[in-house]
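Trainee: Below is one structure. I have some questions about it.
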Amino acid sequence: MSETTRSPMPLSETRSPMPLLFRRHSSGEIRNLASLSSSLLPAFGTVMGESSVRLKRFLIAPYDRRYRLWQAFLVVLVVYSAWSSPFELAFSKASTGALLPVDLVVDAFFAIDIILTFFVAYLDKSTYLLVEEHKKIAFRYVTHLWFPMDVASTLPFQTIYRVVTGKTSRGQVFGFLNLLRLWRLRRVSKFFSRLEKDTRFSYFWTRYFKLICVTLFAVHSAGCFYYWMATRYHNSESTWMGANIPGFKSKSIWLGYTYSMYWSIVTLSTVGYGDLHAVNIEEKIFTIFYMLFNIGLTAYLIGNMTNLIVHTAVRTFFMRDAINEILRYAKKNRLPEGLREQMLAHLTLKFKTAELQQEQVLEDLPKAIRSSILQQLFRTTLEKSHLFKGVSDDFIVQLVSEIKAEYFPPKVDIVIQNEIPTDFYIIVSGAVDVVTYKNGMEQFLSKLGSQQMFGEIGVIFNIPQPFTVRTKRLSQVVRISHHHFKQLVQPLHEDGKIIHTNFIQHLKGLKNEELAEMPLVSEFLDDLISEEASMNEAGAQDQQENEISTTTSSLLKTPPTRVIIHGYQPDRRPKSGGNAGKLIHLPDSIENLLSIAESKFGRRGTTIVMVDGSQVEDLAALREDDHLYIF
């Protein structure tokens, strides 16, 4: 986009980083959104449009893939710097020998990074928008501590001294100046912070590797500094190293480094063999502070490892506690063995499938995403069930967003005979048995498998569930609420007709043994067959459609509301007799309600109030089991 078409508003106030995540361009592409740092997220209300897709020329996005690879490469060099800086302090010969060219190459890479930093856009902490103005980027970098410390940790002081004076110096000052390179360790800390948040890597192993690195750096630094103390002491024989190896300064560098690491590790682990010990007062003071430091480091390591191990086993602890609670409850209440086994099986399955339970996994997701996931998982199952064959896509899309997925272990009753119908179920995987009880004896009726449905007869006819449904093996089912199902079907008349037709065909295919357990269903089918036989050929189609519409609405209608009526005022309850209420189905008008009250109490009332004295003017406002006072 040309500059003439840009908004006059400053880019630092309008540029959002997020559109750049979805296109490949000169500044790279983000492939894993889960690895993004929270510092790259836009502020609430930020407008992200196509006008802010590309950065200015000669600018680098902080989340650019190639820039992130460059930062990862620098982390490797930081590891070398963390090792070489204490090592060159202790063994000054190495700093002017084999390690000198390596140090110069490493410093050159960090000098390049200093230059690149002047071209890396940054996020304004107040607006969370990318700042792309070169002056602001440079001013921010130069005025912060980062710039002078980056420069100080990059300059090769020993090489500069040699070029200026023409002499090679092994003075202690250059060893301490090399320690400025430890400033680069902040990159390692940021690197591990990103890895810990990146779900592509194991959090346990990332933290474990970080703890190892911290320990090795502490051991290496302490050993090198301890050796440096021995080299600078005025009497080399009165040092921990000179007492064991006379003339150690002329010995091999790696011999001294090995002894230093041995002492440091033995001291850190509190083993303390005593073969290497402090001799002079300076070494004793250093050893005192090192051991005090080791106490804190050991506590840090043990605390972190304990948290990591407990984190991996916390679900197992919860499961064991829950199982023990169930066993104590069953023992205290003398529950039968079979019931106790069902309780344990259900609890065990709950923990094993915790990551698969849709209500928990999808709880915090937006409804649109939940609906898409449920369609991906269960749409085929719904479309192939006998009740929903041939219905519209709109109906399936609305229905699938309201279903709930559940797991049931073997030999668990999902539906119990004669219970109140509130839901019906579709089997996703597994199998169930349909049984009934006659004279206290259990009788097997049928077996249902994947994509078959149960519980819908009790729901649609609004009768107690006619059968008990029990799982044969581990089964996953989706549960559909009667309330949601009714709300979806009522405005979709065409789908209601299809569902009615499918339901009738299903009823006609039931076994005689099953129909014998449902007298209401048998009567319904007999009436339907009689009415179909009486249709004349000319008006058969219209009459059948009217019958379907009437029957569908009657099957899916809401059960009548039940209320309790009293024949007196709420604050004047009779002291004796006539104070019992009457349970009735709520009629469709106030006039009919007054007529019913007259037949129940023997007198005509004119006023209807609630228990709090408020007068009833609209019956639609009443709820189940409300108390009405008519006088």
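Note: Cβ is positioned from N, Cα and C throughout, glycine not excepted.
Because TrEMBL annotations are produced automatically, they should be read as predictions rather than curated entries.
So TrEMBL lists these for the protein:
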type: DOMAIN; residues: 387-506; note: domain 'Cyclic nucleotide-binding'
type: DOMAIN; residues: 562-631; note: domain 'KHA'
type: TRANSMEM; residues: 73-92; note: transmembrane segment
type: TRANSMEM; residues: 104-123; note: transmembrane segment
type: TRANSMEM; residues: 208-228; note: transmembrane segment
type: TRANSMEM; residues: 254-273; note: transmembrane segment
type: TRANSMEM; residues: 285-310; note: transmembrane segment
Trainee: Cβ under 8 Å, sequence separation of at least 6 from the ends of the transmembrane segment (73-92): give me the contacting residues as numbers and ranges.
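Mentor: Contacts with the transmembrane segment (73-92): 99, 102-103, 106, 109-110, 113, 170, 172, 174-176, 178-179, 181-182, 184-185, 187-188, 191, 217, 220-221, 224-225, 227-228, 231, 253, 256-257, 260.
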Trainee: Which sequence positions outside the transmembrane segment (285-310), separated from its termini by at least 6 residues, show Cβ-Cβ distances below 8 Å to it?
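Mentor: Residues packing against the transmembrane segment (285-310) from afar: 204, 207-208, 211, 214-215, 218, 222, 225-226, 229, 267-268, 270, 278.
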Trainee: DSSP helix, strand and coil counts for the domain 'KHA' (562-631)?
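Mentor: Result for the domain 'KHA' (562-631), in helix, strand, coil order: 15 helix, 16 strand, 39 coil.
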Trainee: Using DSSP, how many residues of the domain 'Cyclic nucleotide-binding' (387-506) fall into helix, strand and coil, respectively?
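Mentor: DSSP classes over the domain 'Cyclic nucleotide-binding' (387-506) add up to 36 helix, 43 strand, 41 coil.
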